[in-house]
Amino acid sequence: MASSSTPKYNSNSLESSGKRTLKDGTNWEQNEEIPRLPGETRVTDKDVIYMCPFNGPVKGRVYITNYRLYLRSVENDPVVVLNVPLGVISRIEKMGGASSRGENSYGLDITCKDMRNLRFALKQEGHSRRDIFEVLTKYAFPQSHNLLFFAFVNEEKFSENGWMVYNPMSEYRRQGLPNERWRVTFINEHYGLCDTYPALLVVPYNATDEDLKKVAAFRSRNRIPVLSWIHPETQAVIMRCSQPLVGMSGKRNKDDERYLDIIREANGQISKLTIYDARPNVNAVANKATGGGYEGEDAYPNAELFFLDIHNIHVMRESLKKLKDIVYPNVEESHWLSSLESTHWLEHIKLVLTGAIQVADKVSSGRSSVLVHCSDGWDRTAQLTSLAMLMLDSYYRTIEGFEVLVQKEWISFGHKFASRIGHGDKNHADADRSPIFLQFIDCVWQMSKQFPTAFEFNEQFLITILDHLYSCRFGTFLYNSESVREKEKVTEKTLSLWSLINSEKSKYTNPFYSKELNRALYPVASMRHLELWVSYYIRWNPRIRQQGRW
């Protein structure tokens with residue numbers, strides 16, 4: 001696992017003979033002071049005092065490579081180890097000044113993206129702090145220093161090629177597409193129609209490519225309604241798109257209106273097309289002021305519109321910030337429940353799950369096609385479509401099926417990973433950052449708790465995905481869209497995270513998995529049935545960590 005060991009208390013001696021393999025798959029030669037991946041090079045090292053929030057100051061040596069920060073204590077028994085991929089770092093600050101007098105008051109404060117902070121005290125002589133600050137800043141934020149991501153210099157070899165996992169044509173064929181009602185279009189082959197959509201799209205058979213161009217002009221970022229999933233029995237579909245460009249004057253577009261009718265008619269349904277707008281009603285109305293909006297009754301008489309009340313990226317970012325405050329470094333026992341409630345984190349998880357249940361139920365029991373959108377269709381929309389698909393299609397509950405789901409609904413459909421995570425970018429306060437994908441994985445974990453035998457993968461699989469969301473060891477989550485990934489030749493020049501996972505599947509397999517075909521899973525989304533994912537959010541705390549868990 002990318003960063004499972006902070007702090008780790010090893011009972012076994014670090015001087016054991018030969019080669020050892022760490023949890024994150026790194027080989028460690030006996031004659032090496034630190035573990036290294038192929039392509040990983042050492043940059044500098046320095047004596048520091050690690051201000052461990054759980055056990056007080058720890059004397060150690062910190063090693064910085066082009067991939068990680070690695071600390072090993074020099075006096076502790078058992079040895080304290082920190083193993084932090086630099087991609088996890090969001091902010092590096094200098095602590096104290098030349099006149100600082102307090103013990104251990106001069107050094108570096110490091111804020112991480114994975115629910116922890118690190119603090120190192122340094123000696124005040126020479127330029128010891130400046131040197132380490134500059135090296136860390138350069139390698140933690142390569143995009144801000146015209147350097148390559150580590151993924152582009154990583155020379156690891158795996159027995160499986162994760163880039164082969166997702167082939168859009170194969171996935172649509174698995175769903176029984178194309179058929180007499182739905183066709184594959186290559187209109188976006190060179191990303192000319194929509195630069196944030198994938199090259200290959202599935203649209204109604206009765207809509208021409210000319211129709212699609214006209215619809216694109218009326219949808220935010222040209223993200224037209226396209227098919228995500230088709231129900232094998234009812235033939236009802238899940239479509240995704242962005243908001244219509246209605247604006248304050250209530251603009252209408254005959255092509256868009258007709259296109260939604262064609263979607264409704266494609267599965268022969270007589271009832272109305274159901275549109276789920278992920279936003280709170282008031283936000284959707286406010287979006288009219290910036291040229292957006294929603295599908296009004298007058299313009300779309302054959303559609304039924306529901307608002308799902310899921311808040312925007314800024315609300316989610318603030319909520320996670322509050323959660324971090326109450327779980328790291330110390331968990332306040334006395335007011336735990338009220339503190340947790342005040343973060344609203346589980347409330348947001350509940351709303352996302354509730355929305356996805358409504359989408360899934362409408363397609364399955366209601367036998368109605370649905371259209372899902374938010375503002376731009378790459379955040380809340382991806383959460384809703386992928387979770388609904390996970391509820392309805394047991395294939396996505398397998399290890400490879402889940403990888404396909406992530407590649408398809410998130411990566412290929414342009415969830416802005418680079419902007420939301422801020423890979424290699426020093427602008428920690430960027431308003432585009434938001435834990436939307438983390439929220440989705442949390443929802444998946446909640447489902448796996450309620451249906452412990454329904455998923456082929458285990459918790460370790462989900463945590464590994466989140467660790468490498470930040471690590472930049474793989475190309476999987478880099479950049480904002482398929483068009484940019486293609487330009488950067490990501491599949492040629494980097495490795496896929498799925499290569500690591502699929503080369504050692506047993507590590508990520510749920511021993512209680514029992515395969516069930518075509519069973520819809522509806523989790524209970526009430527607050528009483530949701531819980532904080534302790535072994536992710538509070539894993540750094542040795543007092544909370546269950547014995548033997550790590």
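Glycine too: its Cβ is placed from the backbone N, Cα and C atoms.
TrEMBL annotations: computationally assigned, not manually curated.
Quick look at what TrEMBL annotates:
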ACT_SITE  Cys374  active site, phosphocysteine intermediate
BINDING   Asn312, Ile313, Cys374, Ser375, Asp376, Gly377, Trp378, Asp379, Arg380  substrate binding site
COMPBIAS  1-16  compositional bias 'Polar residues'
DOMAIN    162-537  domain 'Myotubularin phosphatase'
DOMAIN    343-405  domain 'Tyrosine specific protein phosphatases'
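Counting only same-chain residues six or more apart in sequence, the Cβ atoms lying under 8 angstroms from the Cβ of Arg380 (substrate binding site) belong to Ala278, Arg279, Leu308, Ile310, Val352, Gly355, Cys374, Ile436. Here Trp378 (substrate binding site) comes close to Thr196, Arg223, Ser242, Phe413, Gly414, His415, Lys416: these same-chain residues lie at least six apart in sequence, with C-beta atoms under 8 angstroms from its C-beta.
The Cβ of Asn312 (substrate binding site) has Arg279, Asn283, Ser375 as same-chain neighbours under 8 Å, each 6 or more residues away in sequence. Within the domain 'Tyrosine specific protein phosphatases' (343-405), the DSSP-based counts of helix, strand and coil residues read 45 helix, 4 strand, 14 coil. Around the Cβ of Asp376 (substrate binding site), the same chain contributes Ser220, Arg221, Arg223, Ser242, Gln243, each under 8 angstroms and 6 or more positions distant in sequence. Per-residue confidence over the domain 'Myotubularin phosphatase' (162-537) averages 97 (mean pLDDT, predicted model). Using a 10 Å radius centred on the Cβ of Cys374 (active site, phosphocysteine intermediate) and all shown protein chains, the other Cβ atoms total 28.
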